[in-house]
């Protein structure tokens, strides 16, 4: 008689938890990065919603002039924002327990720091989770690399720029009009439109939109016909089919004749690498530009570059931009300082007879 003994697998609770976290069979993959991503993004989202609706005014400039940002304090969806942490706090870590009371924490803009730091940690973990899922499925890692562009951009405006300027009050407000205000002030103080890295970012975003539209329309227009001419070509396609849907040779021929031969890709991998790399590299450069301007390495200054034989300035477009910058600079934080830095840095004339 033969006795077969089956050894029972005794999986601990921790082991089952690990298997569940790293399982690719779940409807939504969690992963170890997800263990940190889920609570941080939930915290950032929850506090953002509550603060956007009900946060009291914040003393953003540290001069006892609170600015209202929430819906219950008179704003709408367009004008509302999470007001950045007060200049009185600077770059100090300012959790709730560091304040004397919750009222003080709210008055000094504590929710902004809480939201931003949790959000940045969350999106960084989302990027790591993309890599983790790719790794478990045996895929290449480029999805996470592409996502690093918006992560870098968010890190630049929410963390690097405040560090360079010395205060979280200089970070980008979390709202529509607050974003526009940040952009206008950034142009006034750093002349970002004249920074080559910003120009590369504009080329990346607009070029990426153009290439995406061109690619999508070209593929949709060169479907492989599986039907008669009496019914739609779309009827010949079934979602998830293994066969190729469109004819890249036909698309290449069309585009090559529309512009010229070498403007068209005949290799699908090269084409899709280009479509991914163009906007990603552009946004990388923009994030790098914000990070350098954070430490006041600003855009090009061509003010008063052209003069006539008598030394009189002939205004160029750079001088028009400079005048606009000065106008924007004197208008923002109008109660925090009497003159923009450009004017205040000039030595005052002596008044002692």
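Cβ atoms here come from the backbone N, Cα and C positions, even for glycine.
Taken from Swiss-Prot, the feature chlorophyll a ChlzD1 binding site applies to 118. Shown in sequence order, 40, 41, 43, 44, 47 are the residues of the chain, 6+ apart in sequence, with a C-beta less than 8 angstroms from the C-beta of residue 118 (chlorophyll a ChlzD1 binding site).
Residues or ranges marked as chlorophyll a PD1 binding site in Swiss-Prot: 198. Cβ contacts within 10 Å of residue 198 (chlorophyll a PD1 binding site), excluding its own Cβ and spanning all protein chains shown: 23. Taken residue by residue with DSSP, residue 198 (chlorophyll a PD1 binding site) is part of a helix.
Feature annotation from Swiss-Prot assigns Fe cation binding site to 215, 272; the stated evidence is sequence analysis. The Cβ of residue 215 (Fe cation binding site) lies under 8 Å from the Cβ of 271, 275, each of which sits 6+ residues away along the same chain. DSSP classifies residue 215 (Fe cation binding site) as helix under the three-state reduction.
Taken from Swiss-Prot, the feature N-acetylthreonine applies to 2.
Positions annotated as phosphothreonine by Swiss-Prot: 2.
The number of other CB atoms found within 10 A of the CB of residue 161 (site 'Tyrosine radical intermediate'), across every protein chain shown, is 22. According to Swiss-Prot, the site 'Tyrosine radical intermediate' annotation covers 161.
Counting only same-chain residues at least 6 apart in sequence, those with a Cβ under 8 Å from the Cβ of residue 190 (site 'Stabilizes free radical intermediate') are 293, 296, 298, 299. The site 'Stabilizes free radical intermediate' annotation in Swiss-Prot covers 190.
Summarising the annotation, Swiss-Prot assigns transmembrane segment to 29-46 (among others).
Non-local neighbours of the transmembrane segment (118-133) in the same chain are 24, 29, 31-34, 36-37, 40-41, 43-44, 47, 139, 141, 143-144, 147-148, 150-151, 154-155, 158-159; each lies 6+ residues outside the stretch with a CB under 8 Å from one of its CB atoms. Positions annotated as transmembrane segment by Swiss-Prot, on the basis of sequence analysis: 118-133 (among others).
Residues annotated as transmembrane segment in Swiss-Prot, with sequence analysis given as evidence: 142-156 (among others).
The annotation transmembrane segment is assigned in Swiss-Prot to 197-218 (among others). Remote same-chain partners of the transmembrane segment (197-218), defined as residues 6 or more beyond its termini with a Cβ less than 8 Å from a stretch Cβ, comprise 251, 254-255, 271, 274-275, 278-283, 285-286, 288-289, 292, 299.
Among the features that Swiss-Prot reports, transmembrane segment is placed at 274-288 (among others), with the record citing sequence analysis. If you look at the transmembrane segment (274-288), the same-chain residues 6 or more away from its ends with a CB under 8 A from one of its CBs are 142, 145-146, 148-150, 152-153, 155-156, 197-198, 200-205, 207-208, 211-212, 215, 265.
Between the alpha carbons (Cα) of residue 198 (chlorophyll a PD1 binding site) and residue 272 (Fe cation binding site) lies a span of roughly 24 Å. With respect to their backbone Cα atoms, residue 161 (site 'Tyrosine radical intermediate') and residue 272 (Fe cation binding site) stand 33 Å from each other.
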